[in-house]
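As recorded in Swiss-Prot, the features of this protein are as follows:
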| type | residues | note |
| --- | --- | --- |
| SIGNAL | 1-18 | signal peptide |
| TOPO_DOM | 19-533 | topological domain 'Extracellular' |
| CARBOHYD | Asn30 | N-linked glycosylation site |
| CARBOHYD | Asn46 | N-linked glycosylation site |
| DISULFID | Cys60-Cys286 | disulfide bond |
| DISULFID | Cys72-Cys84 | disulfide bond |
| DISULFID | Cys105-Cys147 | disulfide bond |
| CARBOHYD | Asn249 | N-linked glycosylation site |
| DISULFID | Cys290-Cys314 | disulfide bond |
| CARBOHYD | Asn335 | N-linked glycosylation site |
| CARBOHYD | Asn431 | N-linked glycosylation site |
| DISULFID | Cys493-Cys497 | disulfide bond |
| CARBOHYD | Asn503 | N-linked glycosylation site |
| TRANSMEM | 534-554 | transmembrane segment |
| TOPO_DOM | 555-570 | topological domain 'Cytoplasmic' |
| LIPID | Cys566 | S-palmitoyl cysteine |
| LIPID | Cys569 | S-palmitoyl cysteine |
Amino acid sequence: MNTQILILAISAFLCVRADKICLGHHAVSNGTKVDTLTEKGIEVVNATETVEQKNIPKICSKGKQTIDLGQCGLLGTTIGPPQCDQFLEFSANLIIERREGDDICYPGKFDNEETLRQILRKSGGIKKENMGFTYTGVRTNGETSACRRSRSSFYAEMKWLLSNTDNGVFPQMTKSYKNTKREPALIIWGIHHSGSTAEQTRLYGSGNKLVTVWSSKYQRSFAPNPGPRPQINGQSGRIDFYWLMLDPNDTVTFSFNGAFIAPDRASFLRGKSLGIQSDAQLDNNCEGECYHIGGTIISNLPFQNINSRAIGKCPRYVKQKSLMLATGMKNVPENSTHKQLTHHMRKKRGLFGAIAGFIENGWEGLIDGWYGYRHQNAQGEGTAADYKSTQSAINQITGKLNRLIEKTNQQFELIDNEFNEIEKQIGNVINWTRDSIIEVWSYNAEFLVAVENQHTIDLTDSEMNKLYEKVRRQLRENAEEDGNGCFEIFHQCDNDCMASIRNNTYDHKKYRKEAIQNRIQIDAVKLSSGYKDIILWFSFGASCFLFLAIAMVLAFICIKNGNMRCTICI
């Protein structure tokens, strides 16, 4: 009789088995791991790399007005050694310096050369204006075998002033130049340090020599230092070059009595440009905005791990080789085919599984990683995407990479390590500063990506919850949540009914009466099953108590009649 009642109860339950609709999002078999603020290695459906590692081993110059200086050093364009004759005036927005390039012909150096190099790299080229200096009582044609053209010569933009005769008196002279242009003028002059005192006397006469230069913002005096030095290019003497930027309407004055290398023309900067030191080959078939010694970085990513000294419109250099930016939700991978998966879910988790990851394949027109529905009813099973919530998430996530780029990209300039002995401390400070900036930006990059990843995962979870709440508010008492992202519907819900739930047009009043009746039947079955469990447990407990009571009574009777004895030993 009891068996018959149980069978009838189960049959009643099966007869009123509810249709079902589930919510979830697409999952992939192999997701991508990202880091967030709170957790490392979270697997997401979609992610994109933010660190560029691909280098183009060429200087991409398409669309650029490029000048390749070859054997000419950039500073040489201002003073004019023979190797720079074709670059005394030029216009460019990309200036290429080569390792073989040399700034000078007669041995010497530039004062504060790296600052001047930075100015010229950004100059956009240079144009010249004659300073109008004339000289009497001295020779202006000094030349040297170190600066050969067809024969001995000198710097094209400089005048080597000598006494009229060997050992002759060099007169005290003063020359001035006023900048009448609207832009600053670059003025360069030199001081000659003879290889010996005798050579200095032969070239400039006897006595101490002094050169004084001044303007409204500049004042400095120079005394030559004759003496033997190692020969370079056959010369034991040296010429040191000095420079200043002369403001518009300002005047520079030179006062000297020998050992003076006089400027012939002033230089003016043409505009803006990038300058790069590289031996990479020029390529007019590719475009670039970011350059380094090894070539070109072409990337829309916010970070790069190629060269810390890249210049131009470049991604920020970071130490990390990879920083993945999440562009999809957390992934719940599935390890079986559709048929196996469906069977597994029916057996282990119900038909559709939990909220996350129940859909094993994408739908046409749907971007992987977003939201959708799956239902079961008398007409079978079906799957559909929810484009509104999908688009809402996409709209908020789209542009994450661009926002990172806006936060990180800027124009970079190259500061080299070619410092002279006096500038070593400055060079050390620059190197330390560069290393510190790399450390800071490497940390910042990791932090920025982690923040965006946290936001993406929270956002996609939020959209999933919104969709779930939308369905729950529609169904109300007509359905029951099963805790796995699904709703058991207490009335017959055909495909049109399921579509109305998805479209947010479901009318719960229309199905309320049927749903209440079916809910009562299901609840009754559950209630009967609950009472049966209570009775079974009560019966088991009572049986155990009765057995123990009988055993105790029998033991008491046996002990009383002497048929049983209990001995306690100590």
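A Cβ is built for glycine as well, from the same backbone N, Cα and C atoms used for every other residue.
If you compare Cα positions, Asn503 (N-linked glycosylation site) sits closest to Asn30 out of the recorded positions Asn30, Cys72, Cys84, Cys105, Asn249. Ranking the glycosylation sites Asn30, Asn46, Asn249, Asn503 by the number of CB atoms within 10 A of their own CB puts Asn46 at the top. All protein chains included, Cys493 (disulfide bond) registers 29 other Cβ atoms within 10 Å of its own Cβ. Closest by Cα distance to Cys314 (disulfide bond), from the disulfide-bonded residues Cys72, Cys84, Cys147, Cys286, is Cys286. The Cβ of Cys290 (disulfide bond) has 26 other Cβ atoms within 10 Å, all protein chains considered. The Cβ of Cys84 (disulfide bond) lies under 8 Å from the Cβ of Leu69, Cys72, Gly73, Gly76, Thr77, Ala156, each of these being in the same chain and 6 or more residues away along the sequence.
In terms of C-alpha distance, the listed recorded positions Asn30, Cys105, Cys147, Asn249, Cys290 place Cys290 closest to Cys60 (disulfide bond). Under the three-state DSSP scheme, Cys314 (disulfide bond) falls in the strand class.
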